Amino acid sequence: MDFDYARSLLTGGKKWKEKSAVMSASSEAYQKLLAEALDMNRSRILAFKNKPPTPVELIPKSWLSPTAYQSKFIKPCRSIPKTCQRTLDAPNISDDYNLNLLDWGANDVVAIALSQTVYLWNASNGSITELVTFNNEEGPVTSVSWAPDGQSIAVGLQNSHVQLWDSSAQRQLRTLRGGHRLRVGSLAWNNHVLTTGGMDCMVINNDVRLRSHIVGTYRGHHQEVCGLKWSPSGKQMASGGNDNLLYLWDRSRASLNSGAQWLHKIEAHTATVKALAWCPFQANLLASGGSDRCVKFWNTCTGTCLNSVDTGSQVCALLWSKRERELLSSHGPAENQLILWKYPSMRRMAELSGHTSRVLFLAQSPDECTVASAAADERLMFWQVFGIPEVAKPTPRTSSEPFALWHGMR
């Protein structure tokens with residue numbers, strides 16, 4: 001700010017006008033030249049001599065724009081196929097909500113029970129094998145479950161027995177008997193321990209390595225046990241029953257004589273509880289579903305219900321994605337669809353339609369991308385709902401012995 005010029009304008013402006021009225025032409029010209037020389041022709045008191053310097057951008061503007069932020073930090077929405085990849089016939093599959101007749105093993109083989117027979121479908125080459133057919137005194141088959149090694153498979157039967165089979169050799173390994181009195185509709189593996197649930201309300205731990213295989217029992221249900229799932233850690237187990245009850249058990253409390261005391265007895269469901277799924281990315285989180293149309297989420301340490309969602313139809317099965325925070329559910333009438341949910345918002349990401357009867361069973365592939373669904377419409381469908389399988393890169397052949405290849409060719 002030019003203080004002298006400002007003072008001159010404030011105090012001498014009136015005098016300048018009075019003098020200019022009586023001033024001669026030569027004096028007036030002189031005054032104009034003097035004003036130009038002293039830069040007194042300005043009309044503004046405040047003025048910048050030069051333009052201010054451009055400020056330095058500490059944070060680029062492109063980073064602050066919403067579109068740029070989304071493109072840099074938010075994963076793009078993946079495309080979820082709405083149609084199944086493959087459909088296979090499943091004649092004579094039982095339309096029984098309490099049974100568990102489908103499983104997908106670590107060997108990439110799908111096991112499905114159709115009435116008296118267990119079939120194996122190899123997903124790698126598409127071959128179908130008839131593992132075993134039971135007679136009327138033993139069957140029909142009421143449950144199937146692959147062992148963790150993908151080699152052995154457990155088969156629950158109507159006559160209360162459980163048989164173990166070698167899938168490759170197609171031979172029976174042993175029969176577990178004496179534990180249940182009625183059909184065995186649910187099975188769950190925990191390493192070498194096979195847990196069985198039956199219509200006699202019993203839940204039994206069987207160590208398949210021992211001759212006397214019964215090593216623990218869990219008592220609590222008053223009607224048929226139709227859902228069993230061990231937690232990923234193998235320390236907790238959930239059981240659901242036709243008595244509308246959900247129990248949480250601790251493995252260390254299993255007792256051979258009196259039966260184990262449960263961790264939590266949950267009575268929040270109002271109908272049969274069958275669909276159970278432990279979260280793979282959050283410890284002590286269990287999802288449960290049943291005929292009351294609800295999917296509920298539980299903190300298994302405290303027994304607290306974290307959320308409950310009314311899906312609008314019977315919940316038959318649940319599967320967590322092991323890649324994303326997503327949950328897949330299968331349903332009964334009226335839509336008989338599969339629904340993919342985003343967790344924890346429980347926003348519907350996709351609805352998969354194709355079955356014409358309730359979708360009773362779900363099984364997940366070893367690559368964690370494909371899901372098989374079996375329904376009362378006697379069809380087995382395959383959906384690539386959890387993403388695209390990664391193509392494994394070939395590993396170069398290495399040897400610790402120098403010139404191993406040269407010696408082999410000599």
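Backbone N, Cα and C define each Cβ position, glycine as well.
Database features (TrEMBL):
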DOMAIN    88-383  domain 'CDC20/Fizzy WD40'
REPEAT    134-175  repeat 'WD'
REPEAT    218-250  repeat 'WD'
REPEAT    266-308  repeat 'WD'
REPEAT    352-385  repeat 'WD'
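Distant neighbours of the repeat 'WD' (266-308): 97-98, 226-233, 236, 238-242, 244-248, 314-320, 322, 325, 327, 329, 341, 344, 346; these residues of the same chain sit at least 6 beyond its ends, with a Cβ under 8 Å from one of its Cβ atoms. Sequence-remote contacts of a segment are chain residues at least 6 beyond its ends whose Cβ falls under 8 Å from one of its Cβ atoms, and for the repeat 'WD' (134-175) they are 94, 99-109, 111-113, 115-118, 120, 181-189, 191, 194, 196, 198, 200, 206, 208, 366. For the repeat 'WD' (134-175), the model's average pLDDT works out to 97.
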